[in-house]
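S.K.: Below is a structure I'd like to ask you about.
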Amino acid sequence: MGSSFGDLFRISTFGESHGGGVGVILEGCPPRLAIDVDAIQAELDRRRPGQSKITTPRNEVDQVEILSGLVDNKTLGTPISMVVRNKDFRPNDYGEMQNIFRPSHADGTYHLKYGVQAASGGGRASARETIGRVAAGAIAKQLLRKVNQTEVLAWVKRIHTIEADVDPNSVQIKDIESNIVRCPDPKIAKLMVERIEEVSRDGDSCGGVIECIVRNPPAGLGMPVFDKLEADLAKALMSLPASKGFEIGSGFSGTFLKGSEHNDAFIPSGKGILRTATNNSGGIQGGISNGELIVLRVAFKPTATIRKDQKTVDSDGKERTLSAKGRHDPCVLPRAVPMVESMVALVLADHLLRQQGQCGLWQ
């Protein structure tokens, strides 16, 4: 019913922003996989609110509790359940918004669909729902690393009109985590922070683009026709809060090229190995990974909840003016980086198991 994702490596998330807690049940993880629990917590710390001056001041520890599925930090092959308790929530900040719809937020459409909505904290539409995704994604990352030394890295490419030109082939995690905006170019990162602070002082918000790569992805992942790898990646990433666009490889810029310019020529690399001279395909051809670097980008809109006066309506359809209260990110992108990585890792882990299930007998 909309809260589960994946086929064989499957997650189901639960909880609301201002409820008792949020979490995930992960099914299908292979048994006997050694899990670094500290690495799960480290990923949640990257997503955590209150981590810097450009994120929401909501102060949550986001300490993960693993309730099942592990013994001595090894997977049992049974469902892994993880939960994070909500501590610092203030429902009174949302009293005015109980019956007033925030423009471009999920309040209005949730009310249309269900006849009721959790206005306090945004309920299931809150980014706190992604805690479960990030926790499960941390396990997916460890599985991918164990099987194929696969690495998933994302960074902030653009904030509003400020864009960084980052070489996907050379970017490293230490460069991404060297500043609070998670842009590996330190000079551009400084400008991005200044822009976020500027819009925040004005009671406004801004969006941008996150770029993500997969190094050393297993070749052969993805299935024709409706389960193409990029199709599942698009669904995964477009399910994230505030996401508004997805592209892979050359993306929309590829439409300006001719076929002779865009085609990735194959180069001799030995039997059973495909290598290309260029990578306009972004590591996926015909919906199946070819082993080259997977390169994708996700666009995120400006945060919907802002402190400026906005015209809106209430649940009775009457015109109202709303200046939202509560604690919100002026820009979601710095905290969305681990969310993007997690969803990509979950898709790859799922397709890895599906590939083994269908084709593993002959490999």
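In case you wondered, yes, glycine gets a Cβ from its N, Cα and C as well.
From Swiss-Prot, here are the annotated features:
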BINDING   ARG47  NADP(+) binding site
BINDING   ARG124, ALA125, SER126, GLY286, LYS301, PRO302, THR303, ALA304, THR305, ARG327  FMN binding site
S.K.: What is the interatomic distance between the Cα atoms of LYS301 (FMN binding site) and ARG47 (NADP(+) binding site), given in whole Å?
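M.R.: Cα to Cα, LYS301 (FMN binding site) and ARG47 (NADP(+) binding site) are separated by 18 Å.
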S.K.: Counting Cβ neighbours within 10 Å across all chains shown, tell me which of the binding-site residues ARG47, ARG124, LYS301 comes out on top.
M.R.: ARG47
S.K.: Rounded to the nearest angstrom, how far is the Cα of THR305 (FMN binding site) from the Cα of ARG47 (NADP(+) binding site)?
M.R.: 19
S.K.: Give the sequence-ordered list of residues that share a chain with SER126 (FMN binding site), lie 6 or more positions from it, and have CB atoms under 8 Å from its CB.
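M.R.: Listed in sequence order, they are GLU16, SER17, PRO241.
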S.K.: Which three-state DSSP class does THR305 (FMN binding site) fall into?
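M.R.: In the DSSP reduction, THR305 (FMN binding site) maps to coil.
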